[in-house]
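In Swiss-Prot this protein carries:
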- 1-16: compositional bias 'Basic and acidic residues' (COMPBIAS)
- 1-27: region 'Disordered' (REGION)
- 17-27: compositional bias 'Polar residues' (COMPBIAS)
- 39-59: transmembrane segment (TRANSMEM)
- 124-206: domain 'PDZ' (DOMAIN)
- SER329: active site, charge relay system (ACT_SITE)
- ASP340: active site, charge relay system (ACT_SITE)
- LYS354: active site, charge relay system (ACT_SITE)
Amino acid sequence: MDDKQHTTSSDDERAENATSNQDQQTNSSKRVHLKRWQFISILIGTIIITAVITVVAYIFINQKISGLNKTDQANLNKIENVYKILNSDYYKKQNSDKLSKAAIDGMVKELKDPYSEYLTKEQTKSFNEGVSGDFVGIGAEMQKKNDQIMVTSPMKGSPAERAGIRPKDVITKVNGKSIKGKALDEVVKDVRGKENTEVTLTVQRGSEEKDVKIKREKIHVKSVEYKKKGKVGVITINKFQNDTSGELKDAVLKAHKDGLKKIVLDLRNNPGGLLDEAVKMANIFIDKGKTVVKLEKGKDTEAIQTSNDALKEAKDMDISILVNEGSASASEVFTGALKDYNKAKVYGSKTFGKGVVQTTREFKDGSLLKYTEMKWLTPDGHYIHGKGIKPDVTIDTPKYQSLNVIPNTKTFKVGDDDKNIKTIKIGLSALGYKVDNESTQFDQALENLVKAFQQANKLEVTGEFNKETNNKFTELLVEKANKHDDVLDKLINILK
């Protein structure tokens, strides 16, 4: 085994910084928050696999791999013998890699732990990209809209920008091959490749179609954004990855330079990330020698403390943290620390509640095992697992911004009874249609609303909620969320 790390788990595919209405796939069911500028996928409840805290900098209580007792050794020998027998004596030729993976998957599944999993080499690569914020590609944010892959925006200074790619360019081919009917993640995979290799995109701009050659480079996706909104500085932290603490420090210094005293740290739908970054970020506001998080395993406890003085420019700032049910893991470590030390007031809705930590062990073949090893507590000893952190001031998220994605493989019609039908009703209500109930029943009244929606959006009027209707429905909800951030607006009004 190579490289032991402690983690509490995050699987964030950068996918050329891709966003998608329907086609962004994960390894499990997903819940989508229509937050401001994009779909942000999180995995909720017993199926969560994201929201990673990766404890790279801390070796917990000098953990050592202990020897096996006789029973364990006998069990291990049995597993080895079964593998050998099936690999050599089974009447049909077997793939040894698949047998090995099946055995590992079986052991991990037996844990009945949604945070523990075995990742293949390819999955490990995506996992590591999510932690580092680095990937090889062209640096273009994409989304699927009206069954077309459209460039939302090229990243500043990226190969895509230098090659002349513009917002709203529609990609029709990759390396001469049509992408019609492909899911967004499939297109992203085609666009990505090895560093310093070229990819040719055929893009449609208005009535013109042309080929654009772009050299792939290593791209770093920033995790922190700063905006000035009146007399309030809004710092959005999307995840905790390598150097998020440095990005946060820069944002705080910019706010100070702008003369702002009131700062909002927006952690909504932030699934977590590196624990050492969460500690460094807390250290911007909390003085040296203070406990940020406590790690516990059995009777053993270790307090992780700040190592530097707090940033002097941040000392006089009025800090507000904005969270929701998608704020998890390292987000909760950071929020819990600032809350316990009265360094920030927390607004929004209750956080996810993930208080356990995973360890990752990477193997020589590039695969990785991730398993729960310990739990964590806030400085005051609060264990938030399954409970979350309650805000000091509740600001509810509009229902439509917390809807489950409706599978576009399903069609709903009169007489159907399904939980997705409630989602349809909530969404239509948000789009201005008069919905008389939020039941799971597809009744005549809903059929009439669907017909009205289809007619208004120049779709075939069937009264059935089909794939085309679903795509337009999702697109309009995303646009609405992008234009109106009701929760943030309410908080800024409170701070005035």
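Heads up, the Cβ atoms here are built off N, Cα and C, so glycines get one too.
DSSP gives ASP340 (active site, charge relay system) a helix state.
Here the C-alpha separation of ASP340 (active site, charge relay system) and LYS354 (active site, charge relay system) works out to 17 Å. Within 10 Å of the Cβ of LYS354 (active site, charge relay system) there are 29 other Cβ atoms, across all protein chains. Mean pLDDT for the domain 'PDZ' (124-206) in the predicted structure: 90. Following the DSSP three-state reduction, the secondary structure of SER329 (active site, charge relay system) is coil. Each residue contributes its Cα atom, and for SER329 (active site, charge relay system) and LYS354 (active site, charge relay system) those atoms are 5 Å apart. Fewest Cβ neighbours within 10 Å among the active-site residues SER329, ASP340: that distinction goes to ASP340. Secondary structure by DSSP for the domain 'PDZ' (124-206): 21 helix, 32 strand, 30 coil.
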